[in-house]
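**Q** To start, I am sharing the structure in question, which I have written as structure tokens.
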Amino acid sequence: ALEPLSVGLAIGVASALTGFLSHPRFYCSYVECCPSAGRRLNATALKLQLDTKLFGQHLAKEVVLKAVMGFSNNPSPKKPLMLSLHGWAGTGKNFLSQILAEHVHPAGLRSKFVHLFLATLHFPHHDQVKTYKEQLQNWIRGNVSACPHSVFIFDEMDKMHPGLIDAIKPFLDYYEQVDGVSYRKAIFIFLSNAGGDLINKAALDFWASGKRREEIQLKDLEPMLSVGVFNNKNSGLWHSSLIDRNLIDYFVPFLPLEHKHVKMCVRAEMIARGYAVDENIVQAVADEMTFFPKEQKIYSDKGCKTVQAKLDIHEDT
């Protein structure tokens, strides 16, 4: 028979070990945990990453950095953060949303607390919009219940069926709780090509008037952008109550990229692949891109979207 002292010691050791293993710091070093309520984002690290990896988007960087840090530092926000990113393909919308997700949850898009919805994949059939609305509400409710700091990214908003996105309105509004769940710490991000033509025209007008693109301010584009997507049947936000109720905090414009920005993308991709930067290859890749308007050829019509594929051709070199 075991002596009482031995039994007591074994129980004590087991209890201490169990307590250590279940301690949040130890447990969360091996299993992804939802961030604690008092956690703040690292503004310096986020700014550095945006400055070094996102090219030609002074407006988007400035607006998103201020919006996200203000939201993160607010101990009691009145509603979730809602950002709507607009611009042509290849200008950096997806890239910025991924960077932001990684700063909220280090695993980024692989995190169980970051949720990416693709309109053409998750909501393909127009005749099932009612079902999609219910599924979307249940998914968001369940995941915010599990982690108040959940991030939801809706890509291809311009392909979203009209009215579908209004299903999430209750979660974005100024309610302390909805059915016992608070959504005030969550972040919602829309990505859309809608409004890209309006942004490009405004950028061209600035260029034609002899102004630098860095002089373009949010107030020059945001009102036009919000009205444009509200009245655009192919925006996903056509006559949306989210705009009517002013629940979208910022309409963030992504400007068309110039020749120099494409070169920056090529250099960054070469470095990411472990290559030494060869300016001859940088120039060759940039020259293979197409630009608009036809006469002036100022802006890349695909942004940096095809840089990786173009660089593959020069890989042997």
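Every residue, even glycine, has its Cβ placed from backbone N, Cα and C.
Among the features that TrEMBL reports, ATP binding site is placed at Gly87, Trp88, Ala89, Gly90, Thr91, Gly92, Lys93, Asn94. Among the features that TrEMBL reports, domain 'Torsin-1A C-terminal' is placed at 257-312.
Help me see these features in their spatial surroundings.
**A** Other Cβ atoms within 10 Å of the Cβ of Gly87 (ATP binding site) number 29 in total over all chains.
When pLDDT is averaged over the domain 'Torsin-1A C-terminal' (257-312), the result is 94.
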**Q** Within 10 Å of the Cβ of Lys93 (ATP binding site), how many other Cβ atoms are there?
**A** 26
**Q** So if I draw a 10 Å sphere around the Cβ of Ala89 (ATP binding site), how many other Cβ atoms end up inside it?
**A** 15
**Q** Using a Cβ cut-off under 8 Å and a sequence separation of 6 or more, which residues in the same chain sit near Gly90 (ATP binding site)?
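**A** Set apart from Gly90 (ATP binding site) by at least 6 residues yet with Cβ under 8 Å, we have Leu257, Ser300, Lys302, Gly303, Cys304, Lys305, Thr306.
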**Q** Per 10 Å Cβ neighbour count, which of the binding-site residues Thr91, Asn94 ranks highest?
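**A** Answer by Cβ density within 10 Å: Thr91.
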